[in-house]
Amino acid sequence: ASYKVKLITPDGPQEFECPDDVYILEHAEELGIDIPYSCRAGSCSSCAGKLVAGSVDQSDQSFLDDEQIEEGWVLTCVAYPKSDVTIETHKEEELTA
């Protein structure tokens, strides 16, 4: 299956279809969409975003705690879409503040 992903970036919204077995960051990059990242392994906060709608599987991540996940934080480098999703990107400063 694939789902509609909407990324709300500082440059405006970007929408694309993303297969449910491809990380959101990886697919965005293939489409030329610029999202920050560093480790690509779910163990830092560079790619952090805020889930506005929908759900993701980010079970490979090791950085966020349960409370942050409940608040809607998502690491796009290890997040698979599990429904149509809307994510605000470029949120690392807010997460680590």
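A Cβ is built for glycine as well, from the same backbone N, Cα and C atoms used for every other residue.
Residues annotated as domain '2Fe-2S ferredoxin-type' in Swiss-Prot, with sequence analysis given as evidence: 3-93. Among the features that Swiss-Prot reports, [2Fe-2S] cluster binding site is placed at Cys39, Cys44, Cys47, Cys77.
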Per-state residue totals over the domain '2Fe-2S ferredoxin-type' (3-93) - DSSP helix, strand, coil: 17 helix, 32 strand, 42 coil
Sequence-distant neighbours of Cys44 ([2Fe-2S] cluster binding site) in its chain (C-beta under 8 A, six or more apart): Ser38, Phe63
Sparsest-packed among the binding-site residues, when each Cβ's other Cβ atoms within 10 Å are tallied, from Cys39, Cys47, Cys77: Cys39
Remaining residues near the recorded [2Fe-2S] cluster site, that is with C-beta within 8 Å of the centroid of the site residues Cys39, Cys44, Cys47, Cys77: Leu25, Tyr37, Ser38, Arg40, Ala41, Gly42, Ser43, Ser45, Ser46, Phe63, Leu75, Val78
